[in-house]
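Here the structure comes first, spelled out in structure tokens, and everything after it is commentary.
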Amino acid sequence: MAWQVSVPELEDRLQCPVCLEVFKEPLMLQCGHSYCKGCLLSLSRHLDSELRCPVCRQEVDSSSSPPNVSLARVIEALQLPGDPEPQVCTHHRNPLSLFCEKDQELICGLCGLLGSHQHHRVTPVSTVYSRMKEELAALISDLKQEQKKVEEQVAKLVNNRTRIVNESDVFSWVIRREFQELHHLVDEEKARCLEGVEGHTRGLVASLDMQLEQARGAQERLAQATCMLEQFGNESHYEFIRYHSTASSAELQQARLLEGAFSPISFKPGLHQADIKLTVWKRLFRKVLPAPESLKLDPTTAHPLLELSKGNTVVQCGLLAQRRASQPERFDYSTCVLASRGFSCGRHYWEVVVGSKSDWRLGVIKGTASRKGKLNKSPEHGVWLIGLKEGRVYEAFSCPRVPLPVAGHPHRIGVYLHYEQGELTFFDADRPDDLRLLYTFQADFQGKLYPILDTCWHERGSNSLPMVLPLPSGPGHLTPSQPTKL
């Protein structure tokens, strides 16, 4: 015969109606219902009237309730060996088979029927256990997810920390290297200044030594002449008169020739003490600038009047327009031309020889700026220029324009672009070791910037001199490394 009930369902049917646990020492009442021996005795003790079966409410005699041996054997067969003994209620000595949802504590069946938990919602321990196991599993799952997130965060923090330390080490190495090179340059300038002072001093001292030697020789000769004259002072009248007439005038004339022979010399090393730091800083500033760029002009951007030569490094405004294709890149109104290479990051320095031109402009322009029609010379239109007008007015094309107090007429202009810092600086570069600041634009550069030269109108030949992009030359320059990114 096949079983129609599973073991879990069978266990549910073998529960005591009082404690809702599997029967312990089951006793059978006259009505046929069975109860745990402990539950039945507890009911009998706590009832003043006749005992009624909690299931069918029939009056029964608990004293004549025999053990339900068959039920006990079934329960014994279902029980696993080694199952722990259930905990018991301290009040009724019955197994803790129920859980009070209100008070959140374990109780026995009598506590739920007769005790302080009589009207509370109670749940079998097995059900509560299953529910709590599910809640615990869900909590563990949530905790594992949170743990995974925290582990990922820890890994990111560790990687971030490692990256910061590595970048710091690299940047510290760069700083040490740069300062070593700066110290080397400072030592070179120090040696140069000292050598200049010492060389100047050697020349002055040599001149003074020569004068001193001449003066001491004259001093000795005068002493000898004086001694000789004093000796003749003791001669007879005739001898004295004879010598005086021939020698004294000659000795006196020689003494007069020595008067004014000494010329005082002042120590002028060409470097004032108060200007040492400024002078050295100017020299160092030139050396720490990036190495000059080797630029060429782009013929496809040149205005038709412009003539390019010497490998596209020289441009001048001609009298006749050149036959050139009309291209979007070409200027058709302003006499401008761009360099063939632009810059969208980093630090760059280049120079432009303007010579004795009476009118010129130079600077940088955004690659997207319009090249058709009159050039809008202002930062708002992506153009940053300085220039000379009518051979006497230097100006920066900002808004509004700014006149520049330029001393003299620079023939060579230096341009320094620091893209990330948004700085475009112009210098008088006639003296390589003494760059003189002309003007600095501050801007938030976007996109590629191109060096631009504007020769201006030739003025019927009076402004036809060329502008030149010179090849880099001269002493080596310290080229600082690009800064590292955190």
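Each residue's number is its place along the chain shown, starting with 1.
The backbone N, Cα and C atoms fix where each Cβ goes, glycine too.
Under a cutoff of 8 A between CB atoms, and with a sequence separation of 6+ in the same chain, the neighbours of C89 (Zn(2+) binding site) are P95, L96, I107, C108, L110, C111. Here Swiss-Prot flags C89, H92, C111, H117 as Zn(2+) binding site.
Residues or ranges marked as coiled coil by Swiss-Prot on the basis of sequence analysis: 125-170 (among others).
Per Swiss-Prot, coiled coil is recorded for 204-235 (among others).
This prediction places the mean pLDDT of the domain 'B30.2/SPRY' (275-474) at 90. Feature annotation from Swiss-Prot assigns domain 'B30.2/SPRY' to 275-474.
Here Swiss-Prot flags K372 as N6-acetyllysine. Its Cβ taken as reference, K372 (N6-acetyllysine) is surrounded by 12 other Cβ atoms within 10 Å in the chains shown.
Residues 64-68, 71-72, 75, 78-79, 86, 92-95, 97-98, 108-110, 113-114, 124-125 of the same chain sit 6 or more residues outside the zinc finger (16-57) yet have a Cβ under 8 Å from a Cβ within it. Among the features that Swiss-Prot reports, zinc finger is placed at 16-57 (among others), with the record citing sequence analysis.
Marked as zinc finger by Swiss-Prot on the basis of sequence analysis: 84-125 (among others). Panel annotation: around the zinc finger (84-125), residues 15-16, 18-21, 24, 36, 38-39, 42-43, 46, 54, 131 of the same chain, lying at least six beyond its termini, place a Cβ under 8 Å from a Cβ of the stretch.
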Hey, for the Zn(2+) site built from C89, H92, C111, H117, who else sits with CB inside 8 A of the CB center? H91, N94, L96, L98, I107, C108, G109, L110, G112, L114, G115
Rounded distance in angstrom between the Cα atoms of H117 (Zn(2+) binding site) and K372 (N6-acetyllysine): 95
H92 (Zn(2+) binding site) and K372 (N6-acetyllysine), Cα-Cα, nearest whole angstrom: 104
C111 (Zn(2+) binding site) falls, by three-state DSSP, under helix
Write out the long-range same-chain contacts of H92 (Zn(2+) binding site), meaning residues 6 or more apart in sequence whose Cβ is under 8 Å from its Cβ. G38, S42, C108, L110, C111, G115
